[in-house]
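Here's what TrEMBL has on this protein:
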{"type": "TRANSMEM", "residues": "29-48", "note": "transmembrane segment"}
{"type": "TRANSMEM", "residues": "60-79", "note": "transmembrane segment"}
{"type": "TRANSMEM", "residues": "91-113", "note": "transmembrane segment"}
{"type": "TRANSMEM", "residues": "125-146", "note": "transmembrane segment"}
{"type": "TRANSMEM", "residues": "166-184", "note": "transmembrane segment"}
{"type": "TRANSMEM", "residues": "259-279", "note": "transmembrane segment"}
{"type": "TRANSMEM", "residues": "291-317", "note": "transmembrane segment"}
{"type": "TRANSMEM", "residues": "329-352", "note": "transmembrane segment"}
{"type": "TRANSMEM", "residues": "364-385", "note": "transmembrane segment"}
{"type": "TRANSMEM", "residues": "397-419", "note": "transmembrane segment"}
């Protein structure tokens, strides 16, 4: 009888502990996402007509401040402190994972877009908003919120935050290159020169259909192309040497000016200085004479997360009603991005782990890799879409994707924690 009571007590204790572990996993997964949603809602409120202290011009300036100063400062300080030559060799799969995430996500996006057939001219738009996830801003918020909890499963809060931020930052330079090359080209306006194709703009399609149009009639279609205005003032090719012509050709084709954005420059500087022991001790250690610069970057970098989320919330002020995508396409983007893409990423990470590509025993490393496949659509792709003229549709997609991501990310993160631990 006593033995039976002991067994029943042990079973009840195990069930209680198991229930608490599930609840703890749910808490770890849900609370960071709730914080992201809260900050976005505050930005939405500040930009609404009832408060109106974050108008469109203010959000544009805030976005420029984040991408030109705050995000580079965060990347430079966190990545520079954590990176070493040995770690750079060990972490090689992080940028590779970003590339694989973009490729696999774009393939899924192409399949979904082919099935759904989004309205013209949003086919490539649909592929991008399924294939390109947020590998920087939202993961940084999640890691920061997760590591702040003393009961987090990754151990010491400071080490958890430093490692997680470094892993995320190490992949951002590849994400930025993808963003300013692949995404920028994919979101180019259609031949009509604008995404706002309505009844007033329909006559502009006639020059494409008729072959008897003159050159002057087709000229306006070429105006939106970024390379066209730059190609007009061409100097005499006879006066230019072969080397200069080759360099200018490569500069134009590779779009180096678009690639060398502040976040990428910060990543290159952080890796270049962080792997050299002399510069690392000089700049990135608290005893170094130039650490005041890194400390200033740390202070500025801490402002990046709230600013970008306030700007995101403000960009959603128009709501989903201004989108031309339609319910079917919007629902397909949400479902594909949040439900179809993460299992593919889980398979990629598990295969890489079995092949020995990942550092042994580093669970935070694996968690960050999984997060790169699980995030909602990239906020930065929304910013590029705004530059390319389809900002309203991007804002609508971001609005709904981030709302439904509260549920999807909670479920996926709970699954990942159960797999890792």
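Along the chain as shown, the residues are counted starting at 1.
Note that Cβ sites are derived from N, Cα and C of the backbone, with glycine treated the same way.
Two recorded stretches are said to be in contact when at least 3 C-beta pairs lie under 8 angstroms, sequence spacing 6 or more; the transmembrane segment (397-419) and the transmembrane segment (329-352) meet this definition. Of the candidate ranges 60-79, 91-113, 125-146, 166-184, 259-279, 125-146 has the most C-beta pairs within less than 8 angstroms of the transmembrane segment (364-385). Here the transmembrane segment (60-79) touches the transmembrane segment (291-317). Their Cβ atoms form 3 or more pairs under 8 Å, with each pair 6 or more residues apart.
Away from its own ends, the transmembrane segment (291-317) comes close to residues 36, 39-48, 54, 58-59, 62-63, 65-66, 69-71, 73-78, 80-81, 137, 140-141, 144, 283-285, 379, 382, 386, 391, 395, 398-399, 402 of its chain (Cβ-Cβ under 8 Å, at least six residues beyond either end). Outside the transmembrane segment (91-113), and at least 6 residues removed from its termini, the chain residues within Cβ reach (under 8 Å) are 123, 126-133, 135, 167, 170-171, 173-175, 178, 182, 332-333, 336-337, 340-341, 344-345, 348-349, 352, 357-359, 365, 368-369, 372-373.
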